[in-house]
Amino acid sequence: MSAAWLLFLPIALPFAGAVLAFIAGRAGDRRAPQWVNVGTTALMTLVSLLLLSAVWRDGPQAIQMGGWAAPFGITLVADILGAVMVVITALSGLAVAVYAMADIDEGRAKLGWHALYLVLLAGVTGAFLTGDLFNLYVWFEVMLIASFCLLVLGGDKAQLDGGLRYVALNLVATVMFLMAIGLLYGLTGTLNMADLHVTLKTVDAPGLVTTIAVLFLGAFGIKSAVFPLFFWLPASYHVPPVAVSAIFAALLTKVGVYALIRLFTLVFTADVDYTHGILLVIAGATMVTGVLGAAAQNQVRKILSFHIISQIGYMVMGLALYTPLALLGAVFYLVHHIIVKANLFLVGGVAKRITGSFELDRIGGLYKAKPWLAVLFLIPALSLAGIPPLSGFWAKLVLIEASLEVEAWVIAGVALVVGLLTVFSMSKIWLEAFWKPHPDGDAAVGAVALTRGETVALVAPIVLLASITVIIGLAPQPFLDLAARSAQELLAPEAYVRVVLGGLP
Amino acid sequence: MGNGTLETAAPTEARSRNRFRDGGRWMGFASAVPPALVAAWLLSLLPRVSEGRPVLWAVDWAPTLGVSLAFRIDGLALLFGLLVSGIGVVIMLYAGSYLKGHVHLGRFFLYMTAFMFSMLGLVLADDAVALFVFWELTTVTSFLLIGFTHTDPKSRRNALQALLLTGGGGLALLAGLLLMGLESGTLRLSAMDPVLIQGSALLPGIIVLVLLGCFTKSAQFPFHFWLPNAMSAPTPVSAYLHSATMVKAGIYLLARLSPTLGGDPLWVWSLTVAGALTAVIGAAWALRQTDLKQMLAWTTVMALGALTLLLAGSAPISLAAAMTFLVVHALYKATLFMVVGILDHEAGTRERDKLAGLARAMPLTAAAAVLAAFSMGGFPPFLGFIGKELKYEGALALVAAPGVAAFGLVLASAGMVAVAGMIAIDPFFGRQRKSVSARPHDPPKSMLAGPLLLAGLGLAFGLAPGVISGPLVQPAVTSVLGGPATVKLALWHGINLPLVLSIATFTLGVLFYIFRTPVVAGLNAFVGRLPMTGERAYDGWLAGLKALAAWQTRILQGGHLRVYMATTLGAVVALTLFTLFWADALALPAAGSPSLSILGVTVAVTAAAGAAIVVTTRSRLAAIGALGIVGTAVAVLFLMHGAVDVATTQFLVETLVVVLLAAALVRLPRLTQTPRRNRRARLRDGILSVGAGLTVTLVMLAVLAEPFDRRVTDFFEAAAWPEAFGRNIVNVILVDFRALDTFGEIAVVAVAGMGAYALLKGGMAVPKQPIESLILRTATRGLAALLAVFAVFMLLRGHNDPGGGFIAGLIAATGFTLLALAHGVGLARQALGGAPRIVALSGLGIALLSGLAGALAGGAPFEGLWLFLGGDPAAGDKGIPLSTVLVFDIGVFLVVVGSVLAIVFGLEEEA
């Protein structure tokens, strides 16, 4: 398949799937949308893997949309980071799509849930593949509207309330992002990120560039849910159906982190001491406040939501340290985290189905009744906490080593202590939901029986994601190779810039 | 202190045992096979290793990080490996009977086996990271085993406590090991150059971090308290993990790193002080216990302290003492734990004062207990005696405060003598108590074999110490020393200071035993007056953490959207403003540019006034109207800059938004009371808004001070007609140059329509009548048709003149809206010929197809394909253009029509 198709299909497929899912759903067959969804995400996975292999083999790939050369048109471009993110998006998208077959009720499906879900994936993929700053903004908008609709779709009051908070705070980010783009365009006359990499070197206003960079940092900071901009996340992630929480947890903040990584390696690298210094402070504060937030919660999805924040801190830390090893760690962390976080929400959802609630004081008895679920929970939970030999261990190991290497003692200490606090707050779920007997007695566990089809749909994705976590943990080297190549590309983006601007195949 | 723990834990354990079913013993036999094989394999390596040739095996694991799965079996590793696997065999056999019929027996053996292999990995690993991996695995399996009786809250609490303490120490250890790796350039423990590490400026940090790991794992003061609490695990677990193996991991690592880190004063003093304190505390607390298992746990603490103390030095005799005592302790401690388990099993209690005179009923158990107790008390000719003599000799050879160390050890060992009496004499001799459950008797062979074997070995090795000194202890000492050493073990060393100390120990110990009641009372009184214990510190720490977390969450995530907004906006604005000044980026554009026109100023003031009304008015309709003013003013600004298309779109959107908002608001209940915020909040919001506006203005001015690079703009102007065949540059940008942006935006529009429809239909729908107006009804049909035609016209001419899909779509939507308002949704829907959302999504599909066409034709996606009908090239007339670009614009058109109507119909339709 040519580069053009490999780059465009990951965006076009989910859009086509969305149209098809909605029309098929309206045409009558109530199961059609979900099968379209699963089929589309499966195809996306396939194509994205081909894209990754092409990038691995031949270096960064780019196409000029509409045939207009950069920087005049819009360029789609994939380096290792972009391709990896697309793969992981498709994969988590597939897992959650399967889960949704049993999780999304007919009412929501009828209102276009599956179409909205696919549009969300399209927006995420677009953000990972675009080489153009304004186009990135467009994909952020696509994600925002699709995620807002998924959040409130078929919703009760809690969903609407969460949705309002979500959209109001995210619109602040949207406005900041748009203003920052306008200002940067005014300064440079270009929107193409590779071109900006080149052009900014000739702009004789370093202070102004740094100021605009900080505005971008703010906009993406909100999107990534870093301290003190994360309020929207814990206010909303616990209200929608589990499938929605899971895909949000997997992808939304990570797009923000990706954008931070992209801009603060490719575009804004003139005053690293200042910009990345800010990032490092933010990273530490995010880790600590996030994990403390989790420690204060008593509801499964709220605990998991605050953990997202805390984990974002680790990724930002990798970017902030700005060494090859640290960036390697950031990329590795991104991949690991998406898999693990989506899975934890999925497991949480199954636990809720079996025990009847997300509230920890109202559930229990899972360890005795459902040992298989205990195993499936322990894998992502221990991985999140950084326990070896699972994926999260390597992610944390790399980042800690990277910080020790440059004698960044404080952040290394923070990363270690937050690791312990993560163990603490994750163990709460284990102790309460799994070990503690159910407050209503053993009979309350599994009172609502699942059909075989439901069980398969709910558990198969969990098993898939858990296996990936274990594979990364036991055989980390291929993933480290990928992350290392990616870090190399990020720190020396010449090949990326050349393939975008040079019009080379 | 752990008494309460066990009183609640023991019945639970007993209860689960009441549900005994058949089977389980075979599981114990099966689980004993792997450790037996490992032990046999390790024994076969004995000759080679004791000759000083370690066994190596390595494979790359994560070469990027320099991590390999490297194993190296030297004397030290072999000694530990044999203890782990050998005692593993005995414990597995024992556990099969002990837990026979337990519902979770399968899980139990799975965890035990997993633990055993983790522990083996730990002691055999040569790679620092691999060692850490196994280290953590032992922590996790230990967590699962301590909480094995998971329905008991105490078990859960104690499991968590062990997890947090050893897990926290583990993280410190990881940092320490990584620093050692960075300083020495390798993660191989055997290849780390002591010179490099000892010379490092980071040495104190490394030592502290490593010791935090070792001390938490091996229950050294002040982290010792988790170990007695861990006794809420089933007894086989306590016997295996929490006496013979896992808790020795810290000791192992101290020994392993001794050649690299040892000798530094910080190391020596830390080990000496922590070891001595732990030993004395362990012995004292052991005497206080009434529960035999707790008593054993505290003697383990004592033993771990003694081992740490001995490892402080690097004299061969201290190390030999440590290694010998390690074997001694493992043998008697595992035995005694199993004995206590048998007592619990048979007599139904582990309380010291309830047990007596059981020797007649359980002679073999009593024999095992007495044999082990002799070794524990250090009586000749048991191995324990040799161990104790060596301990004293080793302590006297220490660098730091040898006298104090020896004195501490004498005290602690005397305590051991007394404890040995309490465990081996009290329950088995004297008169049997009535409180003991009926008919205790010796347990099955599989439960007795282990205790008898291990206790017997304690005697055998004492009689023939050469069996272990040459092949086992000496190679281990050699490994720790990093050089050759000779170890000779013997019962009789002549009359020397250690012998004198031994005699003192016996005397003191016997006195302790005889006067145990007043001694214990005194100790209890003393402990009661302690200001702080580790346990209480842990509880306080945990409570503090929870309070901090709750406080922080109250402050940060208080639930008020206003605060969230203010913080989010405020943080970004403040940081940007700070950067602006800090980076000295303030600048003003040169005078004269940009020119301020009267019209411009008027429009700006109008927009500002509109915004002011929006935030101050109490009327919803006034707010909507004022919002319309802002939007219109912006549209005028677009017009002033020659962007006719953008301005038209803005006008149309503003009109529609006002109409839709008004239509929505009509349905809302009247506001009886406008929420009035207090002055401070208003002031804060005001300052924030002005600050945000000011910041953006300042940055904007600075940007305007720089020359604008017109490259892209010039290209659009130059290429629009010759290359993209359109004279309306805005439209060409929308449908061609940046078609992907437009595609994304129409997806946004389509989704917004879907979402709004879903929200409207999901909520409470109020039946809605068409507006009753004859004029409206008659006029609208014609007007709607006219608007539809006009829309098509605008759509088709868009590429060259103001118009295009967006504008056309908005016009058409207005027509249908009128129709719906006047004649009801039914007619409008009929006129549209399909559900609005289908129209919108079809539009999206069409736009996508037009984009794909370019790629299918071999070009790039969204590359325009053009077909000109009947052109006259000579006259410069290309003819009627048909293109995928137009198809794309039709898609845009449909999306806009469908989405707007989805909202309108949703508002107007009955539920």
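Here the Cβ of each residue, glycine as well, is placed from N, Cα and C on the backbone.
Residues or ranges marked as domain 'NADH:quinone oxidoreductase/Mrp antiporter transmembrane' by TrEMBL: A:131-421. Positions annotated as transmembrane segment by TrEMBL: A:35-56, A:68-99, A:111-130, A:136-154, A:166-187, A:207-233, A:274-296, A:303-325, A:331-351, A:372-394, A:406-426, A:456-475 (among others).
Only pairs six or more apart in sequence are counted, and the transmembrane segment (A:406-426) with the transmembrane segment (A:274-296) gives three or more Cβ pairs under 8 Å, enough to call it a contact. Sequence-distant residue pairs (6 or more apart) of the transmembrane segment (A:303-325) and the transmembrane segment (A:111-130) include fewer than 3 whose Cβ atoms are under 8 Å, leaving the two stretches without contact. Taking Cβ pairs closer than 8 Å, the transmembrane segment (A:207-233) reaches residues 140, 165-166, 168-170, 172-174, 176-177, 179-180, 183-184, 187, 200, 252-257, 259-260, 263-264, 267-268, 270-271, 274-275, 278-279, 282-283, 285-286, 289-290, 305, 308-309, 312-313, 316 in its own chain, all 6 or more past its ends.
Through the fold, the transmembrane segment (A:166-187) approaches residues 133-134, 137, 140-141, 144, 147-148, 151, 196, 203, 205, 208-209, 212, 215-216, 218-220, 222-223, 231-232, 235-236 of its own chain, all at least 6 residues removed from its boundaries and within a Cβ separation under 8 Å.
Sequence-remote contacts of a segment are chain residues at least 6 beyond its ends whose Cβ falls under 8 Å from one of its Cβ atoms, and for the transmembrane segment (A:331-351) they are 81, 84-85, 88-89, 91-92, 95-96, 99, 103, 242-243, 245-247, 249-251, 254, 257-258, 261, 300-301, 304, 307-308, 311, 314-315, 318, 358, 363, 366, 373, 376-377, 379-381, 383-384, 391-392, 394-395, 398-399, 429, 433, 458-459, 461-462, 465-466, 468-469, 472, 479-480, 482-483, 486-487.
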